[in-house]
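A.B. asks: Take this structure, written in structure tokens, and hold onto it; I'll ask about it next.
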Amino acid sequence: MNVYQRPLMPWLPSGGRVRVAVVFGGRSNEHAVSCLSAGSILRNLDRQRFDVVAVGITPEGTWMLTDPNPDALAIANRQLPAVSCESGIELTLPADPRRSGQLVSLSHGAGLGAGEVLTSVDVVFPVLHGPYGEDGTIQGLLELARVPYVGAGVLASAAGMDKEFTKKLFAAEGLPLSAYTVLRPLRPTLHRQECERLSLPVFVKPARGGSSIGISRVSSWGQLPSAIAYARRHDPKVIVEAAVNGRELECGVLEMPDGTVAASAVGEIRVAGVSGSEDSFYDFTTKYLDDAAELDVPAKVDDDVADEVRQLAIQAFRAIDCQGLARVDFFLTDDGPVINEINTMPGFTMTSMYPKLWAVSSVDYPTLLATMVDTALARGVGMR
């Protein structure tokens, strides 16, 4: 008679600490950025307080229980990290609330039976950027499964992901915005009146994307068709925004376990060495592969400007009914701050602004992450 033995999985935690599943990767074109963020979070979660489980999602959507080694989720020789089916053990998270928090094996062989509960978790940290993660999809799954999770709920995640509806909610609250036009899938280009209203230059973006993927700066209308086609490689809905001449500022927002909300110091992004180039902007390569971005934290702005930015950041957070955390991006113009966008799950990579903003606000990285987890547990799940 063969006796079943669980395969050796040394990364599975034990003990009485809060068990956190860091979920990363995913089907969006921000897969690699999510992996980088997860590596940074895995490195900085306080292991005295938390047991940590790493769950990677492949680009095809397969969930894998992986080794929570942050070194495996780093850029190596300019190669971005990714989750593969060889990364660990295939699993699922059941939506049945009677099995809340269970990670269930889907694998066969090597002594492992499909349907076996690999481990159970107390809270999920969904470090997913872009569609199929940051847009309310995984938040809906976790609500069905009654598993607490870090970050915004279904509505705020969906609204924050879609630039059109973010802007509509901000406009309803009277927040300062730039001019824009939305091109839905059946609209090939702008009307003449829209071109006149926006004027050049404009930025053409996927409406539901991040990390500056798929974005083009258009300085002549002849460039518009190719810019729209490029954006539509990532999203059939495209947004065209009037360029704003101003400094790029960012501010972090953090919800505490008691429900109060705080804003961080203000930071500024400058693209090094290309300040005289009209076509330069803070794109994906600048953010993650090249050392071309300079981050001033805190930003060199007057106190009254910083206070206004922090106040607007909290207003933006509340305008979409956000929870947990967010980063709000601004342009500082001669007439004051203009909101660019809100990120309901900002980047946590080694170069990301969000943890840097809180570090200069006297909240170190482990404390920042612990606050997010504590807030998720205090909030729970369900209508609130």
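For all residues, glycine too, the Cβ spot is worked out from N, Cα and C.
Annotations per Swiss-Prot:
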BINDING   195-250  ATP binding site
BINDING   Asp329, Glu341  Mg(2+) 1 binding site
BINDING   Glu341, Asn343  Mg(2+) 2 binding site
DOMAIN    167-374  domain 'ATP-grasp'
A.B. asks: Could you find out if DSSP has Glu341 (Mg(2+) 1 binding site) as helix, strand or coil?
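C.D. replies: Note: Glu341 (Mg(2+) 1 binding site) is in a strand by DSSP.
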A.B. asks: Give, as a single whole number between 0 and 100, the mean pLDDT over the domain 'ATP-grasp' (167-374).
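C.D. replies: Taking every residue of the domain 'ATP-grasp' (167-374) together, the mean pLDDT is 92.
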A.B. asks: What Cα-Cα separation, expressed in whole Å, is found between Lys237 (ATP binding site) and Asp329 (Mg(2+) 1 binding site)?
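C.D. replies: Given the Cα positions, Lys237 (ATP binding site) is 21 Å from Asp329 (Mg(2+) 1 binding site).
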A.B. asks: Tell me which residues of the chain lie with their Cβ under 8 angstroms from that of Asn343 (Mg(2+) 2 binding site), as long as they are six or more apart in sequence?
C.D. replies: Gly160, Gly210, Ala326, Arg327, Val328, Asp329
A.B. asks: I need the CA-to-CA distance for Val202 (ATP binding site) versus Glu341 (Mg(2+) 1 binding site), whole Å please.
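C.D. replies: With the alpha carbons as reference points, the distance is 16 Å.
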A.B. asks: Let me know the most crowded of the binding-site residues, choosing from Ser216, Gln223 and counting other Cβ atoms within 10 Å.
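C.D. replies: Of the binding-site residues Ser216, Gln223, the most buried by Cβ count within 10 Å is Ser216.
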A.B. asks: Which residue among the binding-site residues Val202, Val244 has the fewest other Cβ atoms within 10 Å of its Cβ, if you could check?
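C.D. replies: Counting other Cβ atoms within 10 Å of each of the binding-site residues Val202, Val244, the minimum falls on Val244.
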A.B. asks: Given a separation of at least six residues and a C-beta threshold under 8 Å, show me what packs close to Tyr230 (ATP binding site) in the same chain.
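C.D. replies: Residues satisfying the criterion: Val204, Gly214, Ser216.
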A.B. asks: Specify the secondary structure state of Val202 (ATP binding site) as given by DSSP, simplified to three classes.
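C.D. replies: The residue in question, Val202 (ATP binding site), is strand (DSSP, three-state).
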A.B. asks: Taking the Cα atoms as reference points, how far is Val244 (ATP binding site) from Glu341 (Mg(2+) 1 binding site) in Å?
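C.D. replies: Spelling it out, the Cα of Val244 (ATP binding site) and the Cα of Glu341 (Mg(2+) 1 binding site) are 13 Å apart.
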A.B. asks: Rounded to the nearest Å, what's the C-alpha distance separating Glu341 (Mg(2+) 1 binding site) and Gly209 (ATP binding site)? Just drop the number here, would you?
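C.D. replies: The Cα atom of Glu341 (Mg(2+) 1 binding site) is 11 Å away from the Cα atom of Gly209 (ATP binding site).
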A.B. asks: In sequence order, which same-chain residues at least six apart have a C-beta under 8 angstroms from Cys195 (ATP binding site)?
C.D. replies: Trp221
A.B. asks: Including all protein chains displayed, how many Cβ atoms other than that of Glu341 (Mg(2+) 1 binding site) lie within 10 Å of its Cβ?
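C.D. replies: Glu341 (Mg(2+) 1 binding site): 18 neighbouring Cβ atoms within 10 Å.
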